[in-house]
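Notes follow once the structure below has been shown.
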Amino acid sequence: MENITPLRKQYLDIKKNYPEAIVFFRLGDFYETFEEDARIAARELEIVLTSREMGKGLKVPLAGIPYHALDNYLSRLINRGYKVAICEQVTKPGETKGLVKRQVTRLVTPGTVVEPNLLDSKQNNFLLSLYLTEDSCGLAFADISTSEFGCTQLDINGLEAEINRLNPAEIILPKSQSLNLPLHLKATISKLDGYYFEADVARERLLKHFECQNLSAYGCENLPLAVSAAGALLNYLEETQKSSLKQLERLAAYTISDYMQIDSHTLSNLEIFRSSGGNSLKGSLLGVLDQTKTAMGGRLLRKFLGQPLLRQEDIEKRLSAVDYFFEESLARASLAKALGQIADMERIANRIRQKTILPKELISLKNSLETVSAIHRQFGLMPPPRLAYFLNGLKPLPEMLDIVNEAINDDPPSTLGEGKVIRSGFNPEMDKLCSLAGDARTFLSQMEAREREQTGIKSLKLGYNRVFGYYIEVSNANLADIPQNYIRKQTLVNAERFITPELKEYENLILNAKERLLEMETGLYEQVLNQLGGFYSALLSNAAALASLDVLSAFAEVAVRNGYVRPLFHSENSLVIHRGRHPMVEQGLGYGSFAANDISLSAEDCQIIILTGPNMAGKSTYLKQTALIVLMAQIGSYVPAETAELCLTDRIFSRIGAREDLSAGQSTFMVEMVETASILNTATSRSLLILDEIGRGTSTYDGLAIAQAVVEYIHSQPSLHAKTLFATHYHELVELANYLPRVKNYNIAVSEDRGEVVFLHRIVPGGVDKSYGIHVAKLAGLPGWVIKRAYEVLTELENPAKKEPKIRNCQPQLLLPLTEQTSALAEEIKGLEIESLTPLAALNKLYELKKKAEEQGL
């Protein structure tokens, strides 16, 4: 350590505290990275990797970025899961003896980003904290850019669905715990010492933060696991932010059962937040419904979709507001135009609280406040009864508007220090400093003209740089003409630079004025932010009201465009949808092109629909559209149908499509059975089940047996009796309607004409005994020979007189004749009593048969 430079020692002292982060070390106008951090930065940011001598014979890898480009480079690292420690110079050069003092002012992690240009405006940036036990979990989340802070305690089986709903950027866990994330989630996992999750430690941290004696007011006094997660989250934020967390002034405890429960598989199958094909917004329900104009509205819509309501009163409030905007097209259009001028007031409020807001953002706030006043004049003075509930928080803030108008210039720069942020007339002393700094250009221009005239040197010029300050530059050819009061300051190749006593005196005056100007402008700006901070809660209330109006008017806009209707709710356990449609498929086809269908499900007489018919005919679409209509209704949206009479549904479950979980070592069939078991164990009589091809991942008879048993269980189990749509290729299941009174058969209508098959996409009563699989294979482009041969084999299989189809050679030379050896081997296999073999014995027998086959050259 004796041979390293003081700067190197300072860096190492800082770096040892942040071993898992890339340290951005401020050196003048650059942030530098060293050693392995530099190699990572050079690779990920595509910047030059160089080196710097930082001790006797010690060259250290180095890569740097300009300080003003921090956000751009920071976003690239954060998006790739890195953590970045921002190490700033906290004293000025010359203020202290020796090195400039440096310290980490903030640790930026994926879940603690607050910079607007690094965030998705319509999506929360959640930091999630989890504390797991064998069968339960404490969960807390926070978005420090919006001040949201919540917690819950839930069954471990519901954890994946809640993680999917929140879609966090980062997850905190105790060091002793681990978590398998769904493949589509890109969250960074951060480990925290288990000490911070201990009940007493976490509780004390929350009590200290909220300055209270107990947590009853926050609803989590009796949720110990939730308290552990929330307290640990606060500790993590305190460590990373290095600043006050006052914006987290409320902890909202909630219960999963307060909302419709949708498991992670159903969220994915129904494509609520992202399409299954491209994993994008397009093709998802969110993509159809998102006609919001504000960032706050976009985030609220996501929350609505993840937490459909269970109280009819709350749903009706939303639907009544949608009614108003649906009927009042001029009001809807006017509001949409106004909302388009609203900035992200929620995040602006928090940046004011954190004192990180830029001057230009205050102008965006000013414009938004003016628009709030206009919206209030339109709706708030005499609130339409159907909107009154959602207008409660909408209050003009003229005092806040006055503060910005009086203090901030209309077109301020992005940074402080030039005297152009604070409005002229706001502070007389600052006006004088601005005048002095502004007069500098005039003075220098006049002095340059005077010196040229007095010396006769026409090429003489005055200039300035940060190293040498102000100077007079004279070319070498004119050096003989310089006056005696010129003092040499710098020698160039073709010129000399000089200073005069007059210029030096003015330089000191100007530089002192600029330094004083920066200090004064910074101080005045902070005073303005302190004043604006007093309106924090009122600003958030306005943001919440605008977000609600935005979402509900967007629902109306979508309904008008797509011909949706208001759903009606009743107390009976039934749903009746007339000419329902799939919202995403319809949008892809174009309005009016989708084949609409009816559905009627009732716990009393038609509890289960067995749906048969060919692939590609629309079975899955029919199942999904029913679930989507139910979900849309319970978030307060109109629905794609001619009429919809619904009951409240507590859970939606889906088992659709084949999926492997290779990371857990589970086959497609095992995944299917696990999901089915979960559904049967947790569904209630108020649930909606959509099940597609249960049992298809195993042998025909095993699959048929499982499918039939599942239907019988749903029908007959007293605690279940869930309304169910059951699509299947097992045509034998249509017989269940003969002895299970609440099972009904429906099928996808097909038209056959001279061997040609046309799928009509209509759902009609009755079962079918054909799958039309070969027709689908033909549409897929299988060779003609294969299609022709498949029809022949199908005919033979359907003829009871012929038990096995004859094998016809397509390429005889590729088919090997049976030999005595193969016959003997076949007989040995046939003679095995598989049921009596243990797994180990079966494996040994398999190896034995394989060895015999290899020895016989088979």
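Keep in mind that glycine also has a Cβ here, set from the backbone N, Cα and C atoms.
Taken verbatim from Swiss-Prot:
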- G613, P614, N615, M616, A617, G618, K619, S620: ATP binding site (BINDING)
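The record gives G613, P614, N615, M616, A617, G618, K619, S620 for ATP. Within 8 Å of the mean position of their Cβ atoms, the other Cβ atoms in that chain belong to I748, F759. Each of the binding-site residues M616, A617 was scored by the other Cβ atoms within 10 Å of its Cβ; the lowest score goes to M616. Between the binding-site residues G613, P614, G618, the minimum number of other C-beta atoms within 10 Å of a residue's C-beta occurs at P614.
In the structure as shown, the Cβ atom of S620 (ATP binding site) sits within 10 Å of 20 other Cβ atoms. Of the listed binding-site residues, namely N615, K619, the sparsest CB environment within 10 A is found at N615.
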